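Trainee: Pulled the feature table from TrEMBL, pasting it below:
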{"type": "TRANSMEM", "residues": "12-29", "note": "transmembrane segment"}
{"type": "DOMAIN", "residues": "18-403", "note": "domain 'Major facilitator superfamily (MFS) profile'"}
{"type": "TRANSMEM", "residues": "49-73", "note": "transmembrane segment"}
{"type": "TRANSMEM", "residues": "85-102", "note": "transmembrane segment"}
{"type": "TRANSMEM", "residues": "108-132", "note": "transmembrane segment"}
{"type": "TRANSMEM", "residues": "144-166", "note": "transmembrane segment"}
{"type": "TRANSMEM", "residues": "186-209", "note": "transmembrane segment"}
{"type": "TRANSMEM", "residues": "322-341", "note": "transmembrane segment"}
{"type": "TRANSMEM", "residues": "353-370", "note": "transmembrane segment"}
{"type": "TRANSMEM", "residues": "376-401", "note": "transmembrane segment"}
Amino acid sequence: MAELQARIDKLGFGGFQLLALICTGGVMMSEGAEMLLMGCMTKMLDKEWGLADFTKGFMVSVVFAGFAVGNLLSGKLGDTYGRRPTILLSYLIMGTAGLLTATANCAPVMICLRMMVGVGCGIGFPSIYTLIPELCPTKLRGAVCACMIGFMPLGEMYAALGVIAIDKDLTGRTTFGAKWHVTNETWRVLCDWGAVPAFIFLAWCLVLLPESPFFLAKQGRHEEANAVLASMAYWNGGQTPEGIAPVAIPAAAPPPRPVDSSGKGEADKFSWREAVQRCLSGRYMETTLVMFCAHFTKDFSVFGLSYVFPQYFKELAFSVEVGWEIFITAMLTLPGVFIAMGLTRWESFGNIAALKASAFLAGLLCLGLLEGAPRILHTLCAPTLKSVAMIYFIIVVTYTAEV
């Protein structure tokens, strides 16, 4: 596998990786749009269905339960069937479940459908985090992963544009002054709007998303692995495949793997339980616990802000419409993506120092959102906090891949 990575490093970065980046970034974009729109819809659903506080919170948090289920399924699916089919399945589930949420007629149905949206996202995350490093030169893995995560604020901007076009003040009325058949039913149109990116990227990926050459080589599909390398050479500037040593193909087919009584092949030695035990062993215990807390914090901050900010801006009643306030805040997250990309390449500073600095700054900015803080601090700290939280999110993901 080291030789295969050396060939990818020799081919460099180019159009092939950019296409893969767009294909995988769609998972982040779809997730960003869905999370922000759910925050926008909560007030309208409360008015229509009379939701209890617990139900409102659970309706949003159940998405993360879906993330957990999807993550557990994704590893097995990706290692068995490949990264490409797993990502395609992710888009299909997200898009279908997202569309069906527009038909929900009660809170339990909405909760079930929102969980399925989370399952779709959860299935996609591990596969895209695995596929991109397997297609990129070693030195650019962190920067490309950061750029891929940057599709999340793009999804939020897309969702905000939908809010502006459909119901810019989240009142249940369209921006054109018309009203839907039932009060506050603009949330159904927003559900449909949020599902659109998943289907667009599904169509894009069906044509352009490559499979991991590492997965293909491990499966013994050497000709397909070489075809991926040839495609990479073509898209990265027309370099001929002959200039790159092909993946070695065995002279003879290997004998069938013996099958034990459980029906599993000899090569299927990976044990999820053993992997967990190793992570919790003395050597890795401290790192595992720290990264567990770091991932909890990054998800709680980034996804929590996506949920809270639409309601936060509506309650503060700024002179700018809620939809535009959300759009501006999402747009101001993008500098955080570029800063994080730079930090992943700044070797003298290091990821651990970046983690500490971004976490401290995010906590400091939270003070500006307290109820007693001056209004000007609310205006300044809200978008800045969103950007810093995104920096923290990207650094955590990058550092996790390295350790």
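Please read every residue number as a count from 1 along the shown chain.
The backbone N, Cα and C atoms fix where each Cβ goes, and this holds for glycine too.
Explain the structural surroundings of these features, please.
Mentor: Sequence-distant contacts of the transmembrane segment (12-29), counting only residues of its own chain at least 6 positions beyond either end whose CB sits under 8 Å from a CB of the stretch, comprise 87, 90-91, 94, 121, 124-125, 128, 131-132, 135-137, 140, 144, 147-152, 154-155, 158, 197-198, 200-201, 204-205, 208-210, 231-232, 234-237.
If you look at the transmembrane segment (108-132), the same-chain residues 6 or more away from its ends with a CB under 8 A from one of its CBs are 20-21, 24-25, 27-28, 30-31, 34, 38, 45, 55, 58-60, 62-75, 77-78, 83-84, 86-87, 89-95, 97-98, 100-101, 141, 144-145, 148, 198, 212, 397, 401.
Beyond its flanks by at least six residues, the transmembrane segment (353-370) meets 294, 297, 301, 312, 340, 343, 346, 377-378, 380-382, 384-385, 388-389, 391-392, 395-396, 399 of its own chain at Cβ-Cβ distances under 8 Å.
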Trainee: Sequence-remote contacts (6 or more beyond its ends) of the transmembrane segment (144-166), Cβ cut-off under 8 Å?
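Mentor: That would be 13, 17, 21, 24-37, 40, 128-129, 132-133, 136, 174-175, 186, 189-190, 193-194, 197, 302, 306, 310, 321-324, 326-327, 330-331, 333-334, 337-338, 340-341, 344, 390, 393-394, 397-398, 401.
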Trainee: Can you tell me the mean pLDDT for the domain 'Major facilitator superfamily (MFS) profile' (18-403)?
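Mentor: Residues in the domain 'Major facilitator superfamily (MFS) profile' (18-403) carry a mean pLDDT of 82 in this prediction.
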Trainee: Using a Cβ cut-off of under 8 Å, list the residues of the same chain at least 6 residues beyond the transmembrane segment (376-401) that approach it.
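Mentor: Same-chain contacts beyond the flanks: 129, 133, 141-142, 145-146, 149-150, 152-153, 291, 294-295, 297-299, 301-302, 305, 309, 312-313, 316, 318, 328-330, 332-337, 339-341, 343-344, 351-352, 354-355, 358-359, 361-362, 365-369.
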